[in-house]
Structure formats: structure tokens, C-alpha cells
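Annotated features in TrEMBL:
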type     : residues : note
COMPBIAS : 64-79    : compositional bias 'Acidic residues'
COMPBIAS : 533-546  : compositional bias 'Basic and acidic residues'
REGION   : 59-79    : region 'Disordered'
REGION   : 533-595  : region 'Disordered'
REPEAT   : 206-241  : repeat 'WD'
REPEAT   : 392-425  : repeat 'WD'
Amino acid sequence: PCLCSHYSCSNFQPSNSQVSNPSFCLRAPFNFPAKGSFHLFNFMAPITRRTSFPKVLIEKDSDSEQSSSDEEEEEEILVEEENGVAENAKIKKMELGFVANSKGKTPITLSLQKVCKVCKKPGHEAGFKGATYIDCPMKPCFLCKTPGHTTLNCPHRVSTEHGVVPAPRRKTTKPLEYVFERQLRHAIPLIKPKCVIPDQVHCAVIRYHSRRVTSLEFHPTKNNILLSGDKKGQIGVWDFEKVYEKVVYGTIHSCLVNTMKFNPRNDCMVYSASSDGTVSCTDLETGISSSPMNLNPDGWQGPNTWKMLYGMDVNCEKGLVLVADNFGFLHLVDMRSNNRNGDAVLIHKRGSKVVGIHCNPLQPDILLTCGNDHYARIWDLRHLEAGSSLCSLEHKRVVNSAYFSPISGNKILTTSQDNRLRIWDSIFGNMESPSREIVHSHDFNRHLTPFKAEWDPKDSSESLAVVGRYISENFNGAALHPIDFIDISTGQLVAEVMDPNITTISPVNKLHPRDDILATGSSRSLFIWKPRERSEPVEEKDERKIIVYGKAEKKRGKKKGDDSDESDDDDGFSKLKKPKSKQTEWKLARCSKKG
């Protein structure tokens, strides 16, 4: 009988012990001899499962190439199953666990090999080697996305205006074109004014924010006030003329501040749109903030329902704040009552982010939007319905930004992830294809704020734009990422500004609406650029004020849902290098961050 005293037990299994053919049951907790059966022992060891571990091999590539100083070599763990143990003198192997017997499973091999960062295949490498970008042989040129050459010898990199077609002279008899020639053309000067480029760092605040800078905005009436938003939801107010006067509001939003706009009727009030789904109206004098709209009143309910706000603009004539979310909808907020106005309207593909909104400066009813559905669209606010766009401008990849020209509102400038700046010279002409496409390096947004090309609001010819560059250049042995000033009418690179102490990427750039000043957000720091005084004697020293704001924070464990900012962290500012030139001196000051 079975040990569990059941003669017809289904768990009856023979044993392999020394006793000839004893019988026992796995159901029995202890192996007592059953009644009527004879055994030579009183107790048997409890039956346990067979513990046979497969052989684990760790393979490591013997190649001992040194990695670059800027980026660590990426190693991927490739798990492969093999039927036998391969003998290779170049591979170091470590056996862990018990050796698998002949009836066990096949050994599992863990190999540590250097693989390409682009195609994830071994045998070659791609990425930055110091200041040089090495292309993956399996992919086309990283800069112009065209096969047949590499980024090092790309013709668009040697000559920025390569392949740019000048604007055609279209002669048309359309009524809108006639109105433009009669009413607007005379306000644009025919002679292009001389460009004044801010090419020298005047002052800076190092580690001003606790996370990377995401947006910048100058005060509409006070020339020395700069607003900045960061990834953590903080909004900073900085007087860059007095340098030390700065305030950080840390309780307005809980995550990324994507856009900020001032109230045209009250320059003390600023609207901000955040990825926490709220639009906030903040009084800069008192610091008191209100929330006219909250798209997530019930809190976090999962990624499928969480709404984030990206593009935003203010329509002063209608008294509306226009803001778009990550599901393709446009929301309206009444500035007078600080409440939502009407229902949301689907303006882009459902489920796609609407990352940019811009109202025409002369006709605010005309609206320009762009999003992740690879389109920039023109709308009329007086007839705003789903699918009622006046024009759709197709792009090959995601559109980061789209802006009307600042004076006439007749031109359009877009920035796309396919490394292209596209320009339409007239919204009244042929909109099927852009007037020009300019190849520029900005195809990167991992742990970075997306690059956006913006107009110079002071340029009356509407031909100068500023945008940060991703691919670094070798300047006296240092890998620097310049800020480019481009003539969009010809595609020519007017100037590239950089500083040997700024080794991080500068994706957020804002030109002053009245003065020759450029504000830059690079990692967690802010920089103010001004034109270099050409009339100063060479022997006279130029002093700049650089403030190190607080101390470098130690990297702690990442919270759930918090992306890492390691690639754009403040490593470039932890140890400021003193310039080799004796004509330049940095004024360094330290101040602790107050609550």
C-alpha cells in the first residue's frame, strides 16, 4: 500500500534508494512504513525536487580599446543558449553554479561585447569620439539623412548653405497677395540691416535650477528680467543686470514647465503650461499663483488618461489663452474670468502631442500649430472645428516648433527632427512645399529639451534665426556645441557663438525683443550673451560675472517616472576652467540657495 494509506493512490512513485523497490507517496509528509508492508528503515529522507542548475558562462570581449573621455563605452548583455561549450582563447569564462549533467539543460551564455550604439550590432562603434561624431556604417549620414557619405565629409557640414534653393520670385494676381503688397510690403525694408551678434558671455548663473532648463521668456517691459522654467516645475525670475537678485518659485507646478507667456494687459502676470496638466497664472510681485485649468483633477489614473500641456499662446484681442495637450486637443481659457471657455477641439491626430502654438502677430485669429503627427497646421479661430484647418504643412518627422515671422506674420519657420529648418516665404502663396530647406544638426532630444529655431524679433528683414547645435565641433581641442545664427533667406551661417567654459549642449535660446542680448539655457544653468565691444583696447581686461549657485547635488536613486538627466548634467560647470588668455577674467561668486 501507499504511505498515505491509500491503496489506489495516483501519487505512487517508485524510489531509487538502496532498498529494493520500496514504495512511497509524495503526499505523505514523512515516509512512515505503511501497514502490512516491510521496510528495513523507519524514516526516509523527504523527497525534494531535482536541483540541477545549468552551466552559466560569461563571455567578455578581449578587445581593450580605450573609451572616449566624454562618453563611457556601452556594453550590452546578450543572452544566448548554446548546445556545447565553445572554446575560445580570447574570451574569459566563469562558471557559476552546479555543472549540468548530461541530461540537464543546455548552458546559458552571458556575453559582454562592445556593440554599436545606433544599430545595437557588434563589430563596429558609432557616436562621439571626443569632438568627432562617427557614423554607423549600417545607417545613412546622421546630419542630412542621405546615404553615400558620412557626417565628417557631409557637404552640408562643410557649407551650411549647400543645397538651399533661393526663394523664387512668384508673380501672382491673387487678391490676398495684392493686399499684402499694398499694405504690408512697404513696412519691410528692402536693404537688409547689419546683424549685431551677441557673441560673449556677459553674466551667468551656474546650477540655477535643480533640473534642466525647459523654457525662457523675457519680461515685456523690463529689459533686465528673465524668466526660466525647468523640468521639476520651478519658475525662476532673474535680474541679470544685478546678477545676484533672483527668485525661484518651486510650488507652482509639479513637473516640466513647457511654455510661459506674459499677459499683454498686465505685465506682472505670467501664464505657464506644464506636463502636470495645469495652466497657472502667477503674480510675479506677490508670488501668488492660481490655476485656471486642471486637466487631471483626480490625480494619477494611469498613462492612458494623464493629460499634459505643451504648446501655449495668448490671444490678446479675444482675451484667450490657447493651450494644447498630448492627445491632440486645443483648450481655451478666458483671461478675464480665469476659467475654461468651451469644449476642447481636436486639431491634430488623436493621441499625438501638440507641442507648439503661435498666433499671427498682425491677425491673431490666424493660428499656427505643430505636433508629433509630422504636420504643422494653420487655423482660423473664427471657424475652429475638427478637420477645418486652412492648410497642412507636411514634414518627414516630428515638428518641434513652428512660428510666424515676428513683424509681418507672412513667413513661417519650422524645426523638424529630420535635421531640417523649413521656411515658407508667404502664407498667401503656394504652401504645398517649403520655399527652402536648411540642413542643421538638432536631431536629438533624449534627456534634452527639444531644439527650436526662433526668429530675431528685432530683425526688420525677417531673415535671422537662432538655434542650438547638437553635433559638437573641435575648438582648440575642446568639444563645444555652438549656438548658430542662420540667414534663412540664403541658408548661410552668419555666426556661431560659443565659450570654452560651456561644454554642455544649449538647446534653449531666446533673443531679447529690444536689446542685442541672447539668453541661453544649458543644462541647469543660465547664460546672458552680449556683443563684444570692438572699440575696447586689446590690453584692457574684460570682466564677466559668473555665479555658482549652490553646490553640485549628489546623484540619488531615481524616482519612478523620473527620467535621468545624466547626459546634460552640470559636469561641464563643476570645475570651471580658467581661460588661457590673460585678457579675460571670470568673476566667481558663490551663494547658497534659499527656500
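Any Cβ shown, glycine's included, is placed from N, Cα and C.
Within the repeat 'WD' (392-425), the DSSP-based counts of helix, strand and coil residues read 0 helix, 19 strand, 15 coil.
If you take every residue in the repeat 'WD' (392-425) and average the pLDDT, you get 93.
Residue counts of the repeat 'WD' (206-241) by helix, strand and coil are 0 helix, 18 strand, 18 coil (DSSP-based).
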